[in-house]
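**Q** OK, TrEMBL features for this one:
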{"type": "BINDING", "residues": "68, 69, 70, 71, 72, 73, 74, 75", "note": "ATP binding site"}
{"type": "TRANSMEM", "residues": "20-40", "note": "transmembrane segment"}
């Protein structure tokens, strides 16, 4: 309950919408925010100057992350990059911390048969949709070494590792939400920034969700029956659905459905939420529509008869300028 209040009230209304009601607590938190920024900068300077040693993997590393908390579209971007790299002839592997996983293993290889509780929802989605090797673990350097040793990969994609400076990197990609941008432009906890906004000037590529990257809706499929019947959003235009989303920015998902002319009953949950069957059992007969990230956590639930859950995938389409810049950077490695 406390986490949900923080994410939906303080996080959304003050950090991004700048409601006057929350101005006083923001001012109170400013000294803590300044201290946070200072400590982050000192830590990064230590790695940049060599006072603190980073470790490099045996192959090039592309780090994909963001400088804000909350959803920016990072996971669809990683899926798109993994596919694009394969088309360019690379053998990529993806590494991730596996946020929210309950496994006690130091390093886990993610398979399509893994559970989200064991490996995390985002790594499971990436493994299920790309087919590339995916490994999770707290120490990304060790995880990268394991991926190279096991898979003979020639490139590492690090999921959400922008601030993990102990791991050396060759290319940095930062993702920001095109609607919310940087919000109040303040560091945590007064604002949504993990680092100062000037950090964006130091990365190799800045991807703006809704500008040089667009998330395109794909045909919907029934949970657990991906290879069978599919429908488009147009097929349910005018209908009422229960929209369930436990992602970083649920409102983006709800807006996508509304834009297709669908009447939406919204059910936002905290990011990485683990569902139970009761939360998806609505008595009014309206169908349930959810995201692919949520679907990987729902597929093992015993939902009973008569509960149809439609999964609404999206794919990231990248501007040609992004791929050209990546080609140039990769050719120089």
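Placement of Cβ uses the backbone N, Cα and C atoms for every residue, glycine included.
Because TrEMBL annotations are produced automatically, they should be read as predictions rather than curated entries.
Since we're looking at a predicted model, the values are computed, not measured.
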**Q** For the transmembrane segment (20-40), find every same-chain residue at least 6 residues outside the stretch whose CB is under 8 Å from a CB in it, and list them.
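**A** Same-chain residues near the transmembrane segment (20-40) but 6 or more away: 10, 13-14, 163, 184, 186-191, 193-196.
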**Q** If you count Cβ atoms within 10 Å of each one, which of the binding-site residues 71, 75 comes out on top?
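**A** When each Cβ's neighbours within 10 Å are tallied, 75 leads.
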**Q** Sorted by position, what residues of the same chain at least six away from residue 72 (ATP binding site) have a C-beta under 8 A from it?
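**A** Spatial neighbours, sequence-distant, of residue 72 (ATP binding site): 66, 175, 176, 177, 209, 248, 249.
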**Q** Just name the winner among 70, 73 (the binding-site residues) by count of other CB atoms within 10 A of its CB.
**A** 73
**Q** Near the ATP site, what residues other than 68, 69, 70, 71, 72, 73, 74, 75 in the same chain have a C-beta no further than 8 Å from the centroid of the listed C-beta atoms?
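**A** Here the non-site neighbours turn out to be 66, 175, 177, 248, 249.
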